[in-house]
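What TrEMBL says about this one:
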COMPBIAS  972-984  compositional bias 'Basic and acidic residues'
DOMAIN    24-107  domain 'Aminoacyl-tRNA synthetase class Ia'
DOMAIN    189-575  domain 'Aminoacyl-tRNA synthetase class Ia'
DOMAIN    615-670  domain 'Methionyl/Leucyl tRNA synthetase'
DOMAIN    705-838  domain 'Methionyl/Valyl/Leucyl/Isoleucyl-tRNA synthetase anticodon-binding'
DOMAIN    859-935  domain 'Leucine--tRNA ligase RagD-binding'
REGION    826-847  region 'Disordered'
REGION    972-999  region 'Disordered'
Amino acid sequence: MSSNPGEPKSRARTDFLLNNEAEVQKFWDENKVFEADPGNEPPSPGEKFFGNFPYPYMNGLLHLGHAFSLSKLEFGAAYHRLRGSNVLLPFAFHCTGMPIKASADKLAREIQQYGYPPVFPAAEGSSAAVADAIQADQADVVAPDKFKGKKSKATAKAGAHKYQWEIMKSFGLDDEEIARFQDPYHWLTHFPPLAKEVLKKFGLGCDWRRSFITTDMNPYYDAFVKWQMRKLKKLGKVVKDKRYTIYSPFDGQPCAGHDRVTGETVQPQEYVLIKMEVISPFPPKLKALEGRKTNCWVLPDGMYGTFEINDTDVFILTARSALNLAYQHLSRIPEKTTCLCELSGNDLICLPPKSPLAFNETIYVLPMLTVLTDKGTGIVTSVPSDSPDDFMALQALVTKAALRAKYGVKDEWVLPYDIVPIIHIPEFGDKSAEKVCHDLKIKSQNDKEKLAEAKRMTYLKGFTDGTMIVGEFSGKKVQEVKPLIKSKLLEEGTAVLYSEPEKKVMSRSGDECVVALTDQWYIIYGEAEWKQKAVRCLARMNTFSTDTRNGFEHTLGWLNQWACSRSFGLGTRIPWDEQFLVESLSDSTLYMAYYTVAHLLQNALLPEHHWPLGFRCNGHLMLNSEKMSKSTGNFLTLEDAIKKCSSDATRYALADAGDGMDDANFVTKTANSGVMKLTKEISWMEDITAAESKLRAGPPTTFADRVFANEMNIAIKETEKSYNAFMFKEALTSGFHVLQLARDEYRLSCGAAGMNRDLLWRFMDVQTRLITPICPHYAEHVWHKIMKKEGIVIKAGWPDADTPHPTLRIANKYLQDSIVSMRKLLQEQESGSKKPKKGAAPAPPSEEKKMSIGLIYVNEHYSGWKEQCLRVLQSKFDSQSRSFAPDQEIAEALKGCPIGQEMDLKQVQELCMPFIKLKKDAARDVGPRALDLKLPFSEMDVLGENLEPIKRQLGLEHVEVLPASDEAVRAKAGEHASLLEEKPPSPGKPTAIFLSKQS
C-alpha cells in the first residue's frame, strides 16, 4: 500500500479500499460470478440458497436503513456461496401504490401555487398534524389483545415538514430535472438505475438479469400480477364486499399502510353510538331543531355541531366524528357533512336527554374535563360505578359547589342521586370504581397516573370476570352480555355502528384519514383452510427470533379480509374490473417466484415444497446512537456512506451494528475503524509474505503452535455456527476480531524462535475466507494480490477444521493468566513499597533489586479440607440445572467429613464457606469441571513447555517449575519460603517467588 504524503492518511486508506473495490467489482462482472442458473440435476439439501429482500420503494435514494436490512440477506447469501451452494440473490424495485403519485402531484401543486422555480413563504413549514399524530401514537395504551412492536415506523420516520421541491433538491437535482418529476412515471426511470448503481458499489451479490420494476410500465410483471389475481379469484380467494377501512377523502380511496405518513399499522376501531333523545323544550341555540328527531350523547367541554344524518335525524357530536359518519352512509349528503349549527360544550350542559336502558327517565348532561374530543363522538356515557374517571368527575361535582356554579349545574341534577351498581367484580365488589379510587388514594381528576392504574386494574377484570347484577341480563358474564346488548340496541334502532381510526392517520397526500364503509375487492386471508396452510408454513419456518414469530402469529390471528383494490396511484389494473388497481401489498406477495423466471418469462407456481424456509426481521437502524432523520441532519445515504468509508468498511460497520429485533446502531467510528483494521491487515500480510524466508519452517511443534492452530479451528466452527444462525455481529467477532487477537498472542509467544510459516499461511487463508461474506472486496485483494491464489474467493469454499480441543484453550488461558499475575507480582517485588505517580511508568529497579530468577511452585491437586469440600459439592450438584442442594444440606454433609470431626460447625463455616461460595459460583458458570480436584491438564507440563516465553515476557534469566509438595525444592526459595505458607499454590493458581542473583 502506498499513500500520497500530502493527503491525510485516513483518506488514503479509504481511497485504497475504494480503488480496490472498483477493480474487484469489474472482475466479478467480467466473470459473471453472481449469475445463478439451475444445474442439470436436482440439488441435494444445502446445495442451493435463494433469499429475498423486500424490494424497496423507489421514491428516493437508498439509505443506511435499507443497507442494514439488506446486509442480513447479503451476508447470509455470501456465506452459502462461499460454501459452494448455488446462490440466487435477486433484487427489484417497487413503484406500485400511492407514494410516488402523491409526491408527483404534491410537486405539481407547489409549482402551480408558488411558481417555477417555487418561492416558498419563509414562515411556513410546521407540521402540527404530524406532530399530533406522533404524540397520539406514543400515548395510546395498547389493548391486551393487541401486538405492538417497540417502535412504530410512523414514529421512526416522522419529522419536520418539507416541501416536495426541497426534498427533490436534497437529492442533488437541478430545477429543470425536478420539474420532470411532476410525471410519476419519471420517478420509475430515475431512481431504480441509481439504486442499482449504488448496490453494485456496495458489492451486492445480485443476479441483475432478474431485476425489474413493478407497475404497468413493466408489461411482463404487469401480466404476472394479473395472472396472480385471476388465479386467486378462480380459487375463490378474492371477493367483493362492503367493509370498514381507513380512507383518504382527498384521494377518494382506501389508504393502506404504505400510503400513509403516520399511523401505518392503524386499523378501524368500532364503537356503538347510543342515541339519547333530547327532550323539549330546546335551549335557544337548538330552537330551530324542534320538530326534528334530535339525538345526542353525554357531553364534555368542547366544540360540537348538529349534523344531519338523514332527512329526519340530527346528531350532536364533533365535526371529526361527523365526517367519519359521512363516509359510512350516515349523512344526508354522502361523503359530506351538513352542520346546522355549531355548539360549545357549555351550550349542551343544560340538555336533559333520555337514554335507552337507563333507570331514570331523564339524565343530565354534565361537564367532564378529561374527555377527549379526538376519540369517538367527544360525548361519552357516564358509568360512575365502574369507571374511575366517571366516579372522580361526579365526586368533584357533588362535593364542590363552586364547580357546579361555574358550569351552571343545578344541585338537583347531581346531589339527590346515588351511584347505581351495575357489575359485580370478585376483587372489587359492586362499585369497583369507588373501591379502587379509595384504595389508590385518588384525590381528583388530575391524578392521571393513578387513574390510569385504576382503569388498568378494573377494566380488564370487569370484562373477563365481571357479572351483570341489574336488568334482563342479570347474572350473566359481562363478556357474554356485551354482544347481546349491542344487538338489542341495534335492532331497536336506539344505536348505530360507527368506526374511526384507532389513532390519527395522515395520508401521503396530506389529509387526515377517516374510516369509510367501502364496496371493493378483498383477498380473504382469513379463510380457514388457507389460514391453516399459512400456520403450517410458519410452524416449520425459521424466524430467527421469537419476536418475529410472535408478530407473525398475531397477524395471522387478526388478518381476515384485506382490501386489494385502489382507485388512485400506480400499479396493475384488476383484470376483471379495470376501474380498480391492485394495491401495493397485494402485488407484492408472490414476486419471489417471479424472480426465478424473470429472465425467461415462464409460468411460476408455488406448491408446498417451494414454501419459504425462513423469514428474518430486524429493528430500525440508528446512526451514532440517534434516530436517523433528514430533518436533524443525522442521516446517511448508502452512496455517501460508501464514499466516506468504502463499501467494505460500511459492510463491516453494518455487521457490527446488531443482529436482534432491537434497534441497531451504525457507528461511523466503527466504519472508520474498519478502514484502519482492513488496511493494516493488508500491510501486515504484505510484510509477512515479503519476509517469508525468515519464518520458522517445518511442521508446527511448539505449545504456541498448537494453541494457534486450535484457535483457528475454534474460529472456523464458531463462525460457521454464527453465519448459519444469521448472527453476523457474532460472525465478525469470532471470524475476525478474536482470530486477530489469537494471531497477536501467537506472535508474542513465539519470540526470537519465530512464527511458523505454514501456520501463518493457514491463518491468512482462514481469516480471509471467514471475512469474505462481510468484506468481499478486501478478501479478493488478499486472495489474488497477496496470497497469489487462483479462482474467486467468494466461491473458494469454507475452510476445513480439525476438532477443536477445549482443554488446550483452557491450558493456554491458564498460561496467559499466570504470566499476567506473575508480571504484576514481579513489579511489586522490584518496586518495593514505592508506588509510581498516577499515569507514570514504574521506575526501573536498581541492579541489586533486579530479579533474574523465577521459581514457580505448583500444586496440581486439591488436598486436605479443600478436597473434602469439593467432594461434598460434587455430590450435591445437579449438572443439568447447574444448581446445588440447600446450604443446610451441604453443611450437614461437611459434618460427616474429617474436618467436621476436628472442628465445630462455626469453625468449619468460617474456614470453608468462602471457598465453597467461590466454587459454587464457578460451577454455575462453567459446569461440573469447576469442582474437579485437579485441572484437565498438567500444570507442570504447560509451564515447563513454556519456560522461554515466560522468561522473555517477565525479563528473567532463569525459571524453574517446581512441585510445591516436595520439601527439598521448597528450600530453594530460601528466606522467601514463608510465602508458600502465606499464599499456598492451588490448582490453577501457582505461586511464584523471584530472586536476584545476589540472593
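Quick reminder: no glycine exception, Cβ is built from N, Cα and C everywhere.
In TrEMBL, annotation is done automatically, which means it is predicted and not curated.
For the domain 'Methionyl/Leucyl tRNA synthetase' (615-670), the partner stretch with the highest count of Cβ pairs under 8 angstroms, out of 189-575, 705-838, 859-935, is 189-575. Here the compositional bias 'Basic and acidic residues' (972-984) has, by DSSP, the following mix of helix, strand and coil residues: 9 helix, 0 strand, 4 coil. Per DSSP, the domain 'Methionyl/Valyl/Leucyl/Isoleucyl-tRNA synthetase anticodon-binding' (705-838) is made up of 101 helix, 1 strand, 32 coil. Mean pLDDT, taken over the domain 'Leucine--tRNA ligase RagD-binding' (859-935), works out to 88 on the 0 to 100 scale.
Taking DSSP states H, G and I as helix and E and B as strand, the domain 'Leucine--tRNA ligase RagD-binding' (859-935) has 52 helix, 4 strand, 21 coil.
For the domain 'Aminoacyl-tRNA synthetase class Ia' (24-107), the DSSP counts in helix, strand and coil order read 36 helix, 11 strand, 37 coil.
Residue counts for the domain 'Methionyl/Leucyl tRNA synthetase' (615-670) by DSSP state, with H, G and I taken as helix and E and B as strand, are 21 helix, 11 strand, 24 coil.
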